[in-house]
Structures are given as C-alpha cells and as structure tokens.
C-alpha cells in the first residue's frame, strides 16, 4: 500500500509541474515563452489591446476572456512564428502555468488564464 501511495504522489507531482502546450506549432517551452528575441514577433492586437492567448484580449482597461472581442485572438494560433506579449514578467501560483506577463494594471496572464497580481501595477 505504501508503494502505491508513493507512486501516486510522484505521478501527481509530475502532472502538476509539467507545462503542456495545446497551441499548434508550439516551440519548446510554449508559444509565448520564447525569450531569445530571435524569430519572435509581437502578438497580434485585438479590439482594445493585445492578444494574450487564443481567447484572451487585454488592454489598459482590463481583460476580456472568451468574449466576441477576444475571439479574434484565435487567429494567433494559425501563425507558426512565436509571438511576444508586451509587459513585465510575473509569476502565477497556478500549477503548470507559472510564468506570465503583466498585461493590465493588477493583472497577470498566461496564454490560458489570468489572475490578479500585486506585482503588476
């Protein structure tokens, strides 16, 4: 029984620490996690800001997630060249998605989630 519990704990730890990339043509580390500056372009702009993920549009006034305005950001997935989200780096305390960008005052986002963050002021 002890070995099974230990194996399940290791499996859960492995699952929580891996970063999956579900966007087509993702480079190593994720589409928006490229820091070398080579072959990277700015992510496309949406109705009131910048696309952060396939369903996330953020600007100075906040973020829209899953709305009609943010649906244009899905086109970003069709481009094989990785893009760079403007904004300082921030850390989220979500399993698997720890590196994000400050995209709006008080908001830190990755390509699939956003969270309030005191470091993004």
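Using N, Cα and C of the backbone, Cβ positions are placed for all residues, glycine too.
Among the features that Swiss-Prot reports, disulfide bond is placed at 21-26 (among others).
Under the DSSP three-state reduction, residue 43 (disulfide bond) is assigned to coil, being neither helix nor strand. Marked as disulfide bond by Swiss-Prot: 43-83 (among others).
The disulfide bond annotation in Swiss-Prot covers 46-57 (among others), and the record cites similarity to another entry as its basis. Shown in sequence order, 46, 47, 48, 49, 50, 51, 63, 64, 67, 69, 70, 72, 73 are the residues of the chain, 6+ apart in sequence, with a C-beta less than 8 angstroms from the C-beta of residue 57 (disulfide bond).
In the structure as shown, the Cβ atom of residue 51 (disulfide bond) sits within 10 Å of 26 other Cβ atoms. If you look up Swiss-Prot, you'll see 51-73 (among others) marked as disulfide bond, on the strength of similarity to another entry.
The Cβ neighbour count for residue 63 (disulfide bond), using a 10 Å radius and every protein chain shown, is 19. Per Swiss-Prot, the feature disulfide bond maps to 58-63 (among others).
Neighbour density for residue 108 (disulfide bond): within 10 A of its CB lie 25 other CB atoms from the protein chains shown. The disulfide bond annotation in Swiss-Prot covers 90-108 (among others).
Around the Cβ of residue 102 (disulfide bond), the same chain contributes 87, 88, 89, 90, 108, 117, 119, 120, each under 8 angstroms and 6 or more positions distant in sequence. For 102-120 (among others), the entry in Swiss-Prot reads disulfide bond, with the evidence type similarity to another entry.
The disulfide bond annotation in Swiss-Prot covers 109-114 (among others), and the record cites similarity to another entry as its basis. Long-range Cβ proximity for residue 114 (disulfide bond), meaning a same-chain Cβ under 8 A and a gap of 6 or more residues, is found for 52, 56, 58, 63, 65, 103, 107, 108.
The 4-hydroxyproline annotation in Swiss-Prot covers 27.
Feature annotation from Swiss-Prot assigns glycine amide to 29.
Among the features that Swiss-Prot reports, signal peptide is placed at 1-20, with the record citing a curator's inference.
Residue 109 (disulfide bond) sits 14 Å from residue 43 (disulfide bond), taking the C-alpha atoms as the reference points.
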